[in-house]
């Protein structure tokens, strides 16, 4: 047995329409198994995975749900890796929303499962999927039942000030029902913020940065002296930036108009705002940013959609400079779009030249495909592209908690 196959963590991320998994060593950061199931509930659900350098891809079927996909992963992938699995010391589960009670990563027990269930109203597309993964792993691997750790996206925001997390509605709605800003993507924001502190050679506790996680779901966070003081996602992951299928910010009266004048039910409106808006709604064609990158200069609907995306993002960046105590060390771009679409970085920072941003075109164009680095001129406020690794962050947090027990 390879000695490196010790101290392994299984990381499971059950999303709304996908499942990602990985087995890695949190100390040497080496991944031994990784993969994903994409396009759940659609006509063609497929799985791709890589184990010890060998790549695989299979079609699972049509209209596959989370349980079906997890059973396939367990029976067709995990069962073939007995040497790896017998060296697992724990399982880390990404959970989007911890609700009002959970402030940090924690060992999963019946009480934590109930808290995640109770918080599902705040993350209706994500928490139920997270719970399916948790329950199946505990059921299928009873020897690890006391070594399942929940790592929450909302934990990163637990120290935000009231000025950021309260909405201007009757205060009792917060005290009685927990209606407030919670944020999301906290695992990613926290990871790239710590990477940025190393790249800037600054103590994390003195770091003032703005982090932009841009993907199918997008969010932005302001970090002042190492503490997140504001973020764009709110009670749910619907608020904030323009996203793939989510609207982001809008006038709440739009909901009343849709309901009262268009006779749309609340459930129908919720579906529209979560699954049929954003880039998909603006273009009427796609939510995939690769499409918009190709068509930006030749299709009006693509240019319109991208320009609105960039307009919203640049406004947030400018606004967040106001909560950083008069010092901005850097802006960080991460996530699938943030890491791989130079066009977006160019368009956003061309709108922010007043704040001292000067993009280096060559660095911007070459920093893609997993590369991290500075993309600005020497006399500019720094902008970094940093590749996120939520799986590694979850594995390291899981390992830390297990070793504290």
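Just so you know, glycine gets a Cβ as well, placed from its N, Cα and C.
The active site, proton donor/acceptor annotation in Swiss-Prot covers 153. Annotation comment: Swiss-Prot describes 13, 390 as Mg(2+) binding site, evidence class sequence analysis. Look at Swiss-Prot and you will find 20, 213, 214, 215, 216, 217, 288, 289, 290, 336, 337, 338, 339, 340 tagged as ATP binding site. If you look up Swiss-Prot, you'll see 94 marked as substrate binding site. The site 'Transition state stabilizer' annotation in Swiss-Prot covers 185, 246.
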Checklist entry - For residue 20 (ATP binding site), which of the recorded positions 13, 94, 246 has the nearest Cα in space? => result 13
Checklist entry - So which of the recorded positions is most packed in, judged by how many other Cβ atoms lie within 10 Å of its Cβ, out of 153, 339, 390? => result 153
Checklist entry - Which entry in the list of recorded positions, 20, 94, 185, 246, 290, has its Cβ near the fewest other Cβ atoms, using 10 Å as the limit? => result 290
Item to check | Spatial neighbours, same chain, of residue 337 (ATP binding site) - Cβ under 8 Å, 6+ residues apart | outcome: 214, 215, 218, 289, 344
Next on the checklist: By a 10 A CB contact count over all chains shown, which of the binding-site residues listed here is most packed: 13, 216?
Outcome noted: 13
Next on the checklist: List the recorded positions among 94, 153, 339 whose C-alpha is within 10 Å of the C-alpha of residue 13 (Mg(2+) binding site), in sequence order, or say none.
Outcome noted: 94
Checklist outcome for this item: Smallest Cα-Cα separation from the residue listed as 'substrate binding site' among the recorded positions 216, 246, 288, 290, 390 is shown by 390
Next on the checklist: Using the alpha carbons only, what distance in Å do you get between residue 390 (Mg(2+) binding site) and residue 185 (site 'Transition state stabilizer') once rounded?
Outcome noted: 9
Checklist entry - Which of the recorded positions listed here (153, 185, 246) have a Cα atom within 10 Å of the Cα of residue 216 (ATP binding site)? => result 246
Checklist entry - What Cα-Cα separation, expressed in whole Å, is found between residue 290 (ATP binding site) and residue 246 (site 'Transition state stabilizer')? => result 17
Item to check | Inter-residue Cα distance where the pair is residue 185 (site 'Transition state stabilizer') and residue 339 (ATP binding site), in Å | outcome: 15
Next on the checklist: If you count CB neighbours within 10 Å, which one among the binding-site residues 214, 288 has the smallest count?
Outcome noted: 288
Checklist outcome for this item: residue 185 (site 'Transition state stabilizer') sits from residue 246 (site 'Transition state stabilizer') (Cα to Cα, rounded, in Å) at a distance of 15
